[in-house]
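Novice: Structure provided below as structure tokens; questions to follow.
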Amino acid sequence: MKTYESNEYDVIVVGAGHAGVEAALASARMGEKTLLLTINLDMVAFMPCNPSVGGPAKGTVVREIDALGGEMGKNIDATYIQMRMLNTGKGPAVRALRAQADKWQYHERMKDTIENEPNLTLRQAVADELIVEDGVCKGLITNTGAKYYAKSVVLTTGTAARGKIIIGELAYSSGPNNSLPSIKLPENLEKLGFKLRRFKTGTPPRVDGNTIDYSKTQEEPGDKEPRHFSYTSKDSDYLEDQMSCYMTYTNTVTHDIIRANLDRAPMFSGVIKGVGPRYCPSIEDKVVRFADKDRHQIFLEPEGRHTKEIYVGDFSTSMPEEVQLKMLHSVAGLEKAELMRPGYAIEYDVIEPWQLKHTLETKNIKHLFTAGQMNGTSGYEEAAGQGLIAGINAALSAQNKPGFTLQRDEAYIGVLIDDLVTKGTNEPYRLLTSRAEYRLLLRHDNADLRLTEKGHELGLISEDRYKEFQDKKQAISQAMEAIKKVTIHPTDEVQEYLASVKQDRLNAGVSGADFLKRPRVTFDAVERLSGETLATDRYVKEQVEIALKYEGYIKKEKTLVDRLHRLESKKIPVDIDYNAIPSLATEARQKFEKIRPESIAQAERISGVNPADLAILTAYIQQGRIAKVKNK
């Protein structure tokens with residue numbers, strides 16, 4: 001095709017899903033002239049699978065995005081139809097906020113935000129080829145022949161890269177939700193030397209809410225107490241008129257239908273070659289893997305206020321449509337459910353993420369960044385977190401400034417990216433609280449305290465918001481000092497309260513801080529029993545309560561973090577030749593050469609590397625015996 005010279009930009013972002021919109025907004029807000037390309041303008045920030053945001057670990061990522069100046073938290077706070085805090089009976093490290101989204105409003109508001117952002121141009125086009133000169137990405141060419149030049153390029157192709165939808169015996173080339181696939185770009189990446197692999201994900205059927213018998217299901221309403229993802233949202237704006245979700249179960253009849261049709265299931269017939277997500281298996285996969293289970297939980301989730309489409313959660317399937325109908329009709333409440341959209345599986349290309357730096361810049365092509373599902377992750381939140389980091393670094397690269405990274409002790413986003421670039425992934429990667437060594441430090445409630453300073457330094461947090469943040473920090477400090485000074489005496493009222501929360505009697509007066517450390521004792525109780533007002537903001541009270549109750553555990557984690565920082569400070573020269581290091585185990589040498597860790601701490605996290613290998617590597621570097629990589 002004949003090409004033509006189009007406009008020039010500082011940063012170009014390819015793909016306007018959850019990664020792409022964060023990347024483009026971050027770049028534009030940092031002052032860079034930014035172009036955002038999407039295959040379809042009607043699918044900006046679209047939710048092709050679950051109409052929700054948040055959940056364990058993921059909810060914390062949304063808070064981190066917000067604390068850094070990203071958009072996802074604000075967008076869901078403006079468009080949710082239900083909000084719930086999960087794991088409220090557990091400790092603060094695993095509490096998680098989850099919102100049910102109006103998926104159409106979510107898309108519309110995000111598109112509106114992008115269209116009204118200075119420095120940002122939104123355009124519909126398919127990126128076919130990168131312009132690369134001397135190992136540096138200079139721009140791209142679209143399917144219409146337009147040549148766009150830029151200082152940095154961010155790729156966020158999602159599941160569109162050579163996407164293939166599969167429903168039973170039917171298979172066809174497609175992106176998510178029957179959008180156009182991206183064919184030429186992944187082919188171009190392979191020609192440029194990138195290693196790609198094939199992953200698979202899936203989505204459940206949607207049914208007509210008018211045809212569900214909700215009397216046979218269990219209602220799951222939202223929370224009455226105000227909850228928010230964005231630190232800028234006000235309690236007074238909390239939605240009272242929320243929509244409920246409903247819970248039901250599969251049964252032995254459902255499982256028998258699935259087992260009788262496994263020969264037609266693409267997952268088991270060999271049609272699907274891509275590796276699927278371990279933590280979001282299809283219903284047919286669950287029935288086979290957990291054959292001893294008589295039933296599996298299903299959530300019926302509304303997709304918005306102005307649609308009757310209901311998402312049948314935890315029922316992902318690629319069975320033939322007729323089998324899907326039989327499966328649905330065997331479930332309590334869905335006996336007469338009308339299918340509106342069948343479930344499907346989608347196969348797509350991903351880049352092997354060990355080919356990336358922690359900035360999400362590719363190692364072999366400068367000024368080229370990748371983010372989101374194309375890096376091997378699953379989930380909107382994981383994508384958005386990566387998109388934000390890639391967008392920040394694309395802007396910094398365009399400004400010739402050093403890159404921005406988050407460490408494992410600073411954010412779940414840091415854990416996610418480090419896992420990807422250090423370990424790679426053999427399946428769609430899902431962020432879990434168990435992946436974070438320092439999860440008591442990386443809580444849902446303190447993302448602003450961890451990251452707002454960084455967002456402000458990057459220019460993504462306004463001066464007004466930064467002042468509010470500083471005021472909150474000061475209020476926490478003042479409340480902490482005040483509660484240490486107040487004394488709780490062993491009065492009858494105090495003893496009665498302690499008995500009500502199943503705590504031992506008080507024998508002598510103690511400080512309010514020591515009193516609060518007792519299990520089930522609350523900050524409000526300290527105020528009531530002391531007769532003192534120590535804080536007025538409930539979020540300030542929450543910070544003081546957590547800091548005191550978990551003081552010992554937090555101190556232990558900070559000791560571990562100090563060790564991490566010492567190892568992170570031991571940098572590995574970029575040009576080291578691992579083949580020149582004597583006594584290094586073959587497996588360690590191969591993995592060091594492939595991943596090329598940036599520090600001893602990162603080298604330690606590579607699977608298959610033992611302490612002896614680390615000791616040899618450390619000694620080699622300290623002795624200054626660095627062998628230069630020979631020019632090939």
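Cβ coordinates are placed from backbone N, Cα and C, and glycine is handled just like the others.
Among the features that Swiss-Prot reports, FAD binding site is placed at G15, A16, G17, H18, A19, G20. The region 'Disordered' feature in Swiss-Prot is assigned to 205-231. Annotation comment: Swiss-Prot describes 216-228 as compositional bias 'Basic and acidic residues'. Positions annotated as NAD(+) binding site by Swiss-Prot: 276-290.
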Novice: Sorry to bug you, but what's the C-alpha spacing from A16 (FAD binding site) to S282 (NAD(+) binding site), rounded to the closest Å?
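Specialist: If we compare the Cα positions of S282 (NAD(+) binding site) and A16 (FAD binding site), the gap is 27 Å.
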Novice: R278 (NAD(+) binding site) has how many other Cβ neighbours within 10 Å of its own Cβ?
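Specialist: Summing over all protein chains shown, R278 (NAD(+) binding site) has 13 other Cβ atoms within 10 Å.
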Novice: Enumerate same-chain residues with a sequence separation of six or more from C280 (NAD(+) binding site) and a Cβ-Cβ distance below 8 A; give 'none' if the list is empty.
Specialist: T201, S316, S378, P428, R430
Novice: State the Cα to Cα distance, in Å, between G20 (FAD binding site) and E284 (NAD(+) binding site), rounded to an integer.
Specialist: 32
Novice: To the nearest whole angstrom, state the Cα distance for the pair R278 (NAD(+) binding site) and H18 (FAD binding site).
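Specialist: Their Cα atoms are separated by 22 Å.
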Novice: For a quick check of packing: other C-beta atoms within 10 Å of the C-beta of A19 (FAD binding site), how many?
Specialist: 34
Novice: Neighbour count first, Cβ atoms within 10 Å, every protein chain included; then name which of H18, K286 tops the list of binding-site residues.
Specialist: H18
Novice: Residues near the FAD site, G15, A16, G17, H18, A19, G20 excluded, by Cβ within 8 Å of the Cβ center?
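Specialist: Same chain, not in G15, A16, G17, H18, A19, G20, Cβ within 8 Å: V13, V21, E22, A23, T38, A45, T156, G158, G372, A383, G387.
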Novice: Looking at the binding-site residues G276, E284, K286, V288, F290, whose Cα is closest in space to that of G17 (FAD binding site)?
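Specialist: Nearest by Cα distance to G17 (FAD binding site): G276.
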Novice: Can you tell me the three-state DSSP label for R278 (NAD(+) binding site)?
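Specialist: Reduced to three states, the DSSP call for R278 (NAD(+) binding site) is coil.
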Novice: Within a 10 Å radius of its Cβ, which of these binding-site residues (A16, V288) has the fewest neighbouring Cβ atoms?
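Specialist: Comparing Cβ neighbours within 10 Å for the binding-site residues A16, V288, V288 has the fewest.
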Novice: How big is the Cα-to-Cα gap, in Å, between V288 (NAD(+) binding site) and G15 (FAD binding site)?
Specialist: 36
Novice: If you draw a 10 Å sphere on the Cβ of E284 (NAD(+) binding site), how many other Cβ atoms land inside?
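Specialist: So the Cβ neighbour count for E284 (NAD(+) binding site) comes to 26.
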Novice: In the structure shown, which of the binding-site residues G17, G20, G276 has the fewest Cβ neighbours within 10 Å?
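Specialist: Selected from the binding-site residues G17, G20, G276 on minimum Cβ neighbours within 10 Å: G276.
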Novice: Do you know offhand how many angstrom separate G276 (NAD(+) binding site) and H18 (FAD binding site) by C-alpha?
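Specialist: G276 (NAD(+) binding site) and H18 (FAD binding site) have their Cα atoms 20 Å apart.
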